Amino acid sequence: MTRTHPHALLNARLLDPATDLDVRGGLLIRDGLVADFGPHITADTLPDGASFEDCNGFCLSPGLVDAHAYLCEPGKEHRETMATAGLAAAAGGVTTINAFPATEPVIDEAALVELVARRARETCPVNVVVTGALSKGLLGEEMAEFGLLAEAGVVAFSDGQMAVGNINLMRRALSYSTMFGLPVIVHAEEPSLARGGVMTAGRTATFMGLKSIPSCAEAILVERDIRLVAMTGATWHAAHLSTADALNSIRRAKDEQLKVTAGTAPHYHALNDLEVGEYRTFARVSPPLREEEDRMAVVEAIKDGTIDVISSQHLPQSADSKRVPFAQAKPGVIGLETMLPVSLRLYHNGDVGLLDLLRTMTIAPARLLGIDAGRLEKGKPADLCLFDLEKPWQVDGTQLQSKSKNTAFDGHLLQGRVVKTLVGGRTVFER
Amino acid sequence: MTQLDKSRFAHRDLLDIARLSAQDITLLLDVAEGYVNKSRGRDKKLSLLHGFTQINLFFENSTRTRTSFEAAGLRLGADVINMSVSSSSVKKGETLIDTAMTLNAMHPDVLVIRHSDSGAPHLLAQKVDCAVINAGDGSHEHPTQALLDALTIRNRKGRLEGLTVAICGDILHSRVARSNIALLNIMGARVRLVGPTTLLPSNARKLGAEVYHSMKEGLKDADIVMMLRLQTERMQGAFVPSIREYFNLFGLDKEKLKVAKPDALIMHPGPMNRGVEIDSEIADDLNISAISEQVEMGVAVRMACLDLLTQGARS
């Protein structure tokens with residue numbers, strides 16, 4: 001509930017990647033907004049009538065912004081709803097979700113954007129922004145109504161996990177998108193190479209006898225789009241890169257000052273294709289988990305900033321659609337709740353500094369989507385994530401908040417866990 | 001009209017605006033002005049081209065332009081023959097050059113050609129002995145349309161020089177736009193192109209125009225707003241997502257027109273897609289719309305072209 005009096009979070013490790021702030025101090029909330037923060041906010045300096053709590057030295061960062069998640073509402077409520085996705089997000093420290101348009105019906109009309117936004121306000125405890133479809137019905141044939149979608153408030157255009165195979169459509173969509181100043185987010189996988197494949201091409205796929213997708217399918221589409229970006233001047237983001245070759249292409253495009261950014265998901269920096277093990281369908285994702293060399297390249301790219309954004313790629317699938325032979329299983333894993341703890345591995349392993357890691361889940365996705373979030377700022381809504389950096393725990397899929405339980409990290413030992421999440425100053429999760 | 005020195009016009013063909021000078025264009029418009037009055041009278045017929053043969057060779061469907069050329073020729077006294085693609089031997093596999101040679105053997109004095117391929121009139125002009133008038137070639141030029149637009153503007157505004165003209169819509173595929181850009185630049189007007197990024201050539205600025213992707217910015221303080229026709233097949237997801245989105249962003253209505261000059265003139269080469277690129281409320285308002293006047297000027301301008309291009313043959 002919203003407090004009417006000021007409230008302070010004291011004795012926290014304040015972390016704000018946007019300003020490289022890492023200092024012990026407190027944060028004062030008034031009327032749902034951040035009133036003040038810094039080392040000077042202590043029990044002695046609080047205004048009259050303010051309540052407070054001690055954070056035990058835990059990390060207090062801006063609430064996470066998840067740039068890529070599937071909320072399944074409307075149309076696929078048996079897998080997830082705005083309400084359950086919101087609970088999962090809150091438990092994972094995520095205060096803003098970018099909802100992808102792969103719903104039923106597809107979000108390719110302005111009226112649906114408004115419907116989704118309203119449902120989110122009514123039922124979801126965290127903020128939801130919406131990405132509109134790039135092509136009508138996600139069919140990859142005709143451009144969606146970018147202008148009307150933009151007027152309705154979408155933050156980006158994307159066909160989600162449907163890669164756009166028609167190069168001319170992509171060319172026109174990129175060109176057209178520049179009129180609205182919104183990014184185009186792509187699934188980078190050349191569809192004619194990926195069709196029918198369920199694993200990355202390599203030793204494991206060969207031994208297991210599974211139809212595979214060559215890793216170059218990713219680089220081919222990335223290279224293709226980079227040339228279209230150079231021609232059109234569009235803002236382009238690769239949603240979840242997983243291969244060394246594609247990341248090298250991104251490096252070159254950034255050197256050329258193109259408006260290109262890259263993302264990945266926790267499973268691509270934390271897991272490799274061996275995870276499929278005994279045909280575990282919960283390890284089936286799109287693009288597929290890659291060989292170890294590629295996984296290490298993803299870690300390297302997060303480290304050197306080639307990858308700007310880590311998003312959950314949260315894609316709930318019902319148990320029925322995973323309890324089938326591997327090749328028949330639907331791809332996708334849930335991830336809202338585990339995005340931060342899984343990614344903290346990169347910090348605990350000494351690969352990435354804490355602020356740099358948090359940047360990929362706060363200010364970087366907020367900038368990509370052009371939304372006012374992901375940083376600590378006076379006068380802005382108190383969307384916050386309080387986490388215990390050291391807490392060891394074991395993932396138990398059945399205990400996760402999502403309606404679907406298809407996590408790739410069931411049984412994994414993780415270090416670091418969210419203890420409290422606030423949206424607009426209101427506590428939406430507390431452990 | 002007698003005081004005009006028509007001999008200064010030294011062209012055999014009218015293939016594109018780009019090769020005309022400001023003097024050529026002014027002379028064409030001055031001559032056309034005389035024919036405007038003649039066409040408004042009871043007796044519209046002259047005998048200037050008596051005994052001359054004009055062939056209208058239309059490889060693309062057209063009613064307005066063909067009729068306009070036909071009226072122009074008839075009013076000057078020429079014998080006019082219409083040849084359209086459906087009745088021609090093109091369907092039987094004859095090449096453009098063979099058609100040209102066949103027609104040339106009939107000794108025409110003027111060939112008016114419309115073709116879906118850019119440059120077709122130029123090829124024809126190399127192969128025949130008479131004057132060739134380009135009545136629209138592919139996405140290249142439609143010179144008589146630009147001339148009639150110029151005459152309309154000159155009548156209403158008294159000049160071309162210094163005016164700000166916004167050409168809006170499908171610039172990429174438009175021969176009307178290319179001819180108008182060329183003419184307006186030659187005559188010292190300021191040209192703006194307004195349209196979605198997908199319907200503008202990527203190097204549009206090099207055509208000598210300012211480029212805008214918003215009607216609000218592109219129409220600001222414009223003297224003339226020239227709307228272009230958008231082909232229906234280009235509105236369904238290929239270049240533009242839908243008709244309703246196109247009208248919302250680029251369709252001309254009273255609201256968008258507010259930023260233009262209060263006395264701004266609205267033009268359209270026709271045929272109009274009402275509710276797609278132009279609102280009926282504007283198209284039918286005779287105070288601001290010059291669309292009917294454009295058609296009237298069309299006949300006069302084409303008479304002027306026929307007059308000037310046949311001077312050599314007449315003398």
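Note that Cβ sites are derived from N, Cα and C of the backbone, with glycine treated the same way.
Record check: TrEMBL places B:ARG64, B:THR65, B:HIS142, B:GLN145, B:GLY270, B:PRO271 at the carbamoyl phosphate site, and the matching candidate among B:ARG19, B:ARG114, B:ARG234, B:ARG314 is B:ARG114. If you take the Cα of B:GLY270 (carbamoyl phosphate binding site) and the Cα of B:ARG175 (L-aspartate binding site), they are about 13 angstrom apart, rounded to a whole number.
Here the C-alpha separation of B:ARG229 (L-aspartate binding site) and B:ARG114 (carbamoyl phosphate binding site) works out to 17 Å. In the structure shown, the C-beta of B:GLY270 has more C-beta neighbours within 10 angstroms than that of any other entry among the binding-site residues B:GLY270, B:PRO271. Across the fold, the C-alpha of B:ARG64 (carbamoyl phosphate binding site) and the C-alpha of B:ARG175 (L-aspartate binding site) stand 16 Å from each other. Taking B:ARG114, B:HIS142, B:GLN145, B:PRO271 as the binding-site residues under consideration, the smallest Cα distance to B:ARG175 (L-aspartate binding site) is found for B:HIS142. Broken down with DSSP, the domain 'Aspartate/ornithine carbamoyltransferase carbamoyl-P binding' (B:12-154) shows 70 helix, 27 strand, 46 coil.
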